[in-house]
There are 2 protein chains.
Amino acid sequence: MSLQSPHTSIRFALAQLDFLVGDIPGNTALMMAQAVHARDELKADAIIFPELSLTGYPPEDLLLRPSLERRVQAAVEQLKTIQGITLVFGLPEQRENGLHNAAWVIRDGQCLARYAKHQLPNHEVFDELRYFVAGTGATVFELHGMRIGLTICEDIWHSGPARAAKEAGAELLININASPFHVGKAAERLGVVGERACELDLPILYCNVVGGQDELVFDGGSFALQASGEVAMQAPLFSAGLHVVDVDVATRHISSSTQARLPDRHESIYQALVLALRDYVTKSGFKGVLLGLSGGIDSALTLAIACDALGASRVRAVMMPYHYTADISRNDAAEQATRLGVHYSSLPIVAMVEAFTNTLSETFAGLGADKTEENLQARSRGVLLMAISNKLGYLVLPTGNKSEMSVGYATLYGDMAGGFAVLKDVPKVEVFELCRWRNAQARAAGEADIVPQRVIDRPPSAELAPDQKDEDSLPPYPALDEILRRYIECDESAHDIIAAGFDAEQVNHVLRLVDISEHKRRQSAVGPRISRRGFGKDRRYPIVNGWKIGD
Amino acid sequence: MSLQSPHTSIRFALAQLDFLVGDIPGNTALMMAQAVHARDELKADAIIFPELSLTGYPPEDLLLRPSLERRVQAAVEQLKTIQGITLVFGLPEQRENGLHNAAWVIRDGQCLARYAKHQLPNHEVFDELRYFVAGTGATVFELHGMRIGLTICEDIWHSGPARAAKEAGAELLININASPFHVGKAAERLGVVGERACELDLPILYCNVVGGQDELVFDGGSFALQASGEVAMQAPLFSAGLHVVDVDVATRHISSSTQARLPDRHESIYQALVLALRDYVTKSGFKGVLLGLSGGIDSALTLAIACDALGASRVRAVMMPYHYTADISRNDAAEQATRLGVHYSSLPIVAMVEAFTNTLSETFAGLGADKTEENLQARSRGVLLMAISNKLGYLVLPTGNKSEMSVGYATLYGDMAGGFAVLKDVPKVEVFELCRWRNAQARAAGEADIVPQRVIDRPPSAELAPDQKDEDSLPPYPALDEILRRYIECDESAHDIIAAGFDAEQVNHVLRLVDISEHKRRQSAVGPRISRRGFGKDRRYPIVNGWKIGD
């Protein structure tokens, strides 16, 4: 057996798993089962788990709970009962100078090595300096004749920690991660880690978490790089699994049969949204999901994603027509629901809107119609959906997109009502692209369009007033989305954006709308982050805010 | 004139001001006007502004905007035009190694000294390591023959920075602050800073911000301490103003005629809520506020605070009765509104609830009544209030308290609808106390009770079902609030709380309710933080969460 004989190669299993944040006993049980599987079925010498695998990532203020240390210690004791395979895993470790984001190596009940993360990210979505003290010094341990260095996630984005491991004698580097997705992130990682491998002449095993956690999507995509930076193994994105690599002890050459294709932009976004929704619903224990299907493209895409995430049997769609709902909208909604096989019903909102309007008639006497009446429609729909949610235990999905969230074209407690906003970080232009991409997939599989073509072709309208079109009061979506991207993701000013060729009046109007809508976003449902800057932990703006757009 | 003659004493004005976050030009103008006033009217030699006075505190991600540096520089140039008085102020300062939370001293167009904060808080409500790099080294400057050291806020809570200033020759220390309120904070500050003064034999001038900013309330309460730690000047809490101290150059003795009384617990909470609401409404530009007045104690207290903050003419109250609304509730609501002189109307919700119920009858066929029907009442009220808000430009105030927020006894998009939740961090028992305190104030002034006594005496009920009482499904409020305080503010476990003598079943029930209500709190309005841990920036819990209560 490999444990006794001299090793010419070492087999590692990279455990790209989906953990439940806070559930230390459950995560420990998952790790133990996978370790036994890796040992017995995959004949692995070692199994590598991601960053903070014991707690899931990010545990946030659960890290402040006094029993954390006791729970982690109990979990480690359990892991130590596993025999015949080396475990590399992540855990919060209390030391004399504070809590560390640590990696441990254990085998046959012994702790072979411990490492504490040096580079604690405290930017974008990360708050690690709220909880952790930075580690110092390299950690290198020996396994079957090979000296192996350890680093954690952000460490590899800097040159110091890997270099320290190399200087301490590492012949191979293991980097464990909880690295969230954004568009293009997988390629970025390969670039950065490849550079590190090259510069240090060090093969690197990169193991990442997979799964959704509130607004964050962890895409997995674990990989192994030769010392040349060449990709030796690429695990798939967005799915859990163990991925095996063999490292030749003498040459340090890595071989693996796992060579997954990296999905393109649209596929990666779509899969990220599916995974995020599935995990949110499943981990929270909802029976299913429920949404208002308007005949428009946002709800059509949300419905498609929900069906792909959960199966049609766990999805309900409700059309809630009013006077301004076009027949074409009713027909398209019904057609899509029928095609996908979801439970579908139609609940007109006329009676509620009338009841509200009558009740308010005296209060509003002498005042003209404005957005109030539109919001009454949206809010009557929100209340209906929430009532069905309360009665049946289905989670309501708001269907608004990032463009609307940005400029505040959404009604608080109306179309914003719900628990998980699938398209919250997806700009409108991307919504169209994703529908086309999903339809192309269906067609390639010989199936009918998932989103009726007419829904894609019609000009977007909120249908809250007669003959209303979104672009009546906003720039065309391609221009709007580019203005928003520059302002929100790139921190460009009105001045910069106008200088790039956009209409000054439109830019000032759009940026002003973004600024005054912060209070709405603050009360919005969480939704999966797919961009470099979403409306979540990575954009922390004051509501009361006297900053003037301009320069 | 004092500038030419040799100084035997130096006069400082501590500028306890209310800034608008992000409004650098506006804050600069305020500082310049106050500097001129201090020089000309108060005959001050120096004026001391609080931490980050130029930007307001906390500027959050506005600090990431590229034009920040340019705007700050322009503001500094303006401040340099002020002649004949020394200005000490706070600003974000870009240096080669990053952005610093800095203090500058300028006089007659010259920068006399610069200091960068050493201790950057990144715990509780603070995120300073997201933005700033820590400074090193002491800063001491000379003014009229006295050597003065500079530190910033959190610095004084540690021994290092003040000691470094002392060792660099400081005879007096200026500490500029943006220190938020919680109950008892003013006394805590005096304790900590007093200890620092004593230990270093150093008189200290402590200048704090005043005002509300989203969830944070800055209480001001600036002070000056003799080298013995004795209080030489105490500015009032919760109000803006300049406060003068004279420091004898030879003896370093501080004299001042400002000796404000520190308010007690109830008064300080009440005033904090009034200031927070006033600033939120005023700085956001709302015409006034609007709330649902139920005849219960939470809305009664919210109404009292709103009137004290804005005046009755800017406050509207709406009673929205249903079948379960007792006559006594209608009468008490009307009586309080009449007493306070606010606009009052009654809008029954029967028609809306019936319209919703009828519309949903087929969907709900065969299913019994549950919380759904209660939520329909709450949500019909929420929609009515939001419609009035939309039409009239009044901000809706949700009236829920911290106890309800904790256990999720509140309806999303129903009674939680609104923009600023005044009682969000006030436990139910404290709600009663505050009503009694406010009534006692009124009686002492020879006025009628602000909150009708019967509202205080009746057992609390949501009146969403026949004969409903809050305590039917929860422990009595004194026990509930203590369980919640231990769990939320002190991180005690179920085990700890039970060991302290509380009923095990109740504790487990309550803690479970807290944990499963995170999704509601995440969509709640912001509200003023008055405790050591509110439901805002200082409690960051995952929504999807597998942590089990227990140990």
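Using the three backbone atoms N, Cα and C, a Cβ is placed for every residue, glycine included.
Straight from TrEMBL, the features:
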type: DOMAIN; residues: A:10-249; note: domain 'CN hydrolase'
type: ACT_SITE; residues: A:GLU51; note: active site, proton acceptor
type: ACT_SITE; residues: A:LYS117; note: active site, for glutaminase activity
type: ACT_SITE; residues: A:CYS153; note: active site, nucleophile
type: BINDING; residues: A:SER179, A:LYS185; note: L-glutamine binding site
type: BINDING; residues: A:GLY292, A:LEU293, A:SER294, A:GLY295, A:GLY296, A:ILE297, A:ASP298, A:SER299, A:THR399; note: ATP binding site
type: BINDING; residues: A:ASN375, A:GLU404, A:LYS520; note: deamido-NAD(+) binding site
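Look at A:SER179 (L-glutamine binding site): DSSP puts it in coil. Looking only at Cα atoms, A:GLY292 (ATP binding site) sits nearest to A:LYS520 among the recorded positions A:GLU51, A:LYS117, A:SER179, A:LYS520. Note: none of the recorded positions A:LYS117, A:SER179, A:GLY296, A:THR399, A:GLU404 has a C-beta at a distance under 8 Å from a chain B C-beta. Nearest Cα neighbour of A:ASN375 (deamido-NAD(+) binding site) among the listed recorded positions (A:GLU51, A:LYS117, A:SER179, A:SER294, A:GLY296): A:SER294. The two recorded residues, the residue listed as 'active site, proton acceptor' and A:THR399 (ATP binding site), have Cα atoms 33 Å apart.
Comparing local CB density within 10 A for the binding-site residues A:GLY292, A:GLY296, the maximum falls on A:GLY292. Between the CA atoms of A:CYS153 (active site, nucleophile) and A:THR399 (ATP binding site) there is a gap of 33 Å, rounded to the nearest whole number. For A:ASN375 (deamido-NAD(+) binding site), the number of other Cβ atoms no farther than 10 Å from its own Cβ, over all displayed protein chains, is 23.
Across A:ASN375, A:GLU404, A:LYS520, which the record gives as binding deamido-NAD(+), the greatest C-alpha separation is 15 Å. DSSP gives A:LYS117 (active site, for glutaminase activity) a coil state; it is part of no helix or strand. Within the same chain, residues at least six positions away from A:SER179 (L-glutamine binding site) with a Cβ under 8 Å of its Cβ are A:CYS153, A:LYS185, A:ARG189, A:ASN208, A:VAL209, A:PHE218, A:ASP219.
In sequence order, A:ASP298, A:ALA410, A:LYS428 are the residues of the chain that are 6 or more apart from A:GLU404 (deamido-NAD(+) binding site) and have a CB within less than 8 Å of its CB.
Around the residue listed as 'active site, for glutaminase activity', the same-chain residues six or more apart in sequence whose CB sits under 8 Å from its CB are A:GLU51, A:HIS100, A:ASN101, A:ALA102, A:ALA103, A:GLU128, A:PHE132, A:ALA134, A:GLY135, A:THR151, A:ILE152, A:CYS153, A:GLU154, A:ASP155, listed in sequence order.
Geometry remark: A:LYS520 (deamido-NAD(+) binding site) versus A:GLY296 (ATP binding site), CA distance 22 Å. Under the three-state DSSP scheme, A:GLY292 (ATP binding site) falls in the strand class.
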